[in-house]
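A.B. asks: Dumping the structure here so I can ask a few things about it.
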Amino acid sequence: MLGFVGRVAATSASGALRGLGPSPLPQVKVLLRASPAALQSARDYATQTSPSPKAGAATGRIVAVIGAVVDVQFDEGLPPILNALEVQGRETRLVLEVAQHLGESTVRTIAMDGTEGLVRGQKVLDSGAPIKIPVGPETLGRIMNVIGEPIDERGPIKTKQFAAIHAEAPEFVEMSVEQEILVTGIKVVDLLAPYAKGGKIGLFGGAGVGKTVLIMELINNVAKAHGGYSVFAGVGERTREGNDLYHEMIESGVINLKDATSKVALVYGQMNEPPGARARVALTGLTVAEYFRDQEGQDVLLFIDNIFRFTQAGSEVSALLGRIPSAVGYQPTLATDMGTMQERITTTKKGSITSVQAIYVPADDLTDPAPATTFAHLDATTVLSRAIAELGIYPAVDPLDSTSRIMDPNIVGNEHYDVARGVQKILQDYKSLQDIIAILGMDELSEEDKLTVSRARKIQRFLSQPFQVAEVFTGHMGKLVPLKETIKGFQQILAGEYDHLPEQAFYMVGPIEEAVAKADKLAEEHSATQTSPSPKGAAAXXXRVV
């Protein structure tokens, strides 16, 4: 049976190739002519009631269906590469994207949804443009799929603005060359691995270490501190996680179902979707973010979870199109596909898109082509550590593994740089002393090393912070700490100004003043228990003496 299917596929492919004529060169010319027409600038926003095909658009018919690949024949008006086609006579909307030209009249397309029920001879209409999706403030608080359809059961997205998902990166003259920190209000991030406005951040973390909570806090803080919007693109991840994230955002107030104060737009193409949808959903999310940057001058936060799935889907599409695979089975256009998307994530003179990308590393192999290609584009890495999460320190960001390209005295200033490096040095010294402490105990350390350990433990606890989106779980009121307060607090701990305070005073507080207030409160509670011990406490003390 498999052999028969293989022969049918091979016959279909060879039949298509026969249409190319004696030389494949004309096909290359067609591709090169078609591409610029299909790529439309993200700054050209069409105003229309819906992205319906144009009147009098070219009509074709399906001639072959091989899984997610559909071949469509046009008698005239061959659609350019990347154009969106719509299959007629179906209850649900099925969009096909032109990927290749086979001969003079046939195009090979990738389906954006399941191809179940398709038959040869079915009519297909050319939309005359790439896939267009709704953009604008009306998308906030809503969930859409790769082709811009709402999937949150809350009716249509009422916007007149539509934009093509394929666009050129901003021109050099439009880009801003100023390096600027995006202050997140999260102490450990702002101090040790600051995010650059318009930068790309890789978020590494396993299950249960707080990736989702960190993402939600970043969305919340950017909305409150900068008035900015966020876009979350779920690329090839679990549907359950996407559903959980949506409901957690409603509970924490990031999404408001009652009015128009939502601060985030969600775009989902989960792992049950065909490869075409997973390969394009990141571009759909990016297009929504580009509107807020270019038309409203916003500093937008774009979350992509997971960028590896974008590459994985591209690999599947490439194999379906019959391209010869490159290293480790990835598509030969891996670097091009990644670069085309990543170059659109940048700062312009109007606004910025700062991207936080969760990265799955296959088999923990950082040399795998997929993560290795992503690393080339990253400006900062935020590593979430299970060992730190086990200590109860949240956010569980590893202060020694997390890095940032803008951690440079010329960008962040000498004071910030010196404090950050001082914090990392003392934490590294503490890490190297832990083996000695485990074997010989604290008493065997020199006075200088004891002081290092004491300050490092205070710094470690001061790197924790109560999150506003986690108030309902922790009972601690969330804190957003300005960068100046963060630098001042760590500077004073390093200088030894708080050597007299107990280390538990530094746990789960905002600025340093709260640690001092907490220490005073702990001292009062301690003195109160000393002066008036309870009868049970006195009895227990007597029992211990005996």
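The backbone N, Cα and C atoms fix where each Cβ goes, and this holds for glycine too.
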A.B. asks: When Swiss-Prot marks a stretch as region 'Disordered', which of 131-156, 521-546 is it?
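C.D. replies: Among 131-156, 521-546, the range Swiss-Prot annotates as region 'Disordered' is 521-546.
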A.B. asks: Given Lys263 (N6-acetyllysine) and Thr212 (phosphate binding site), what distance in Å do their CA atoms have, once rounded to a whole number?
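C.D. replies: A Cα-Cα distance of 16 Å.
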A.B. asks: Under 8 Å Cβ to Cβ from Gly208 (phosphate binding site), same chain, six or more residues apart: give me those in sequence order, or none if nothing qualifies.
C.D. replies: Arg386, Ala389
A.B. asks: Quick one: give me the count of other CB atoms within 10 A of the CB of Thr212 (phosphate binding site).
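C.D. replies: A 10 Å sphere around the Cβ of Thr212 (phosphate binding site) contains 18 other Cβ atoms.
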A.B. asks: Going by a 10 angstroms cut-off between Cβ atoms, which of the modified residues Thr311, Ser432 has the sparsest surroundings?
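C.D. replies: Candidates: the modified residues Thr311, Ser432. Fewest Cβ atoms within 10 Å: Ser432.
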A.B. asks: Taking DSSP as the reference, which of helix, strand or coil describes Lys123 (N6-succinyllysine)?
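C.D. replies: Going by the DSSP assignment, Lys123 (N6-succinyllysine) falls within a strand, counted as strand.
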A.B. asks: Take the C-alpha atoms of Lys160 (N6-succinyllysine) and Glu237 (Mg(2+) 2 binding site) and report the distance between them in angstrom, rounded.
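C.D. replies: That separation, Cα to Cα, works out to 30 Å.
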A.B. asks: Rounded to an integer, what is the Cα-Cα distance in Å between Val209 (phosphate binding site) and Lys197 (N6-acetyllysine)?
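C.D. replies: Lys197 (N6-acetyllysine) has its Cα 25 Å from the Cα of Val209 (phosphate binding site).
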A.B. asks: Taking only same-chain residues 6+ apart in sequence, whose CB is under 8 Å from that of Lys123 (N6-succinyllysine), what do you get?
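C.D. replies: Within the chain, Lys123 (N6-succinyllysine) has Cβ neighbours under 8 Å at Thr59, Gly60, Arg61, Val87, Gln88, Gly89.
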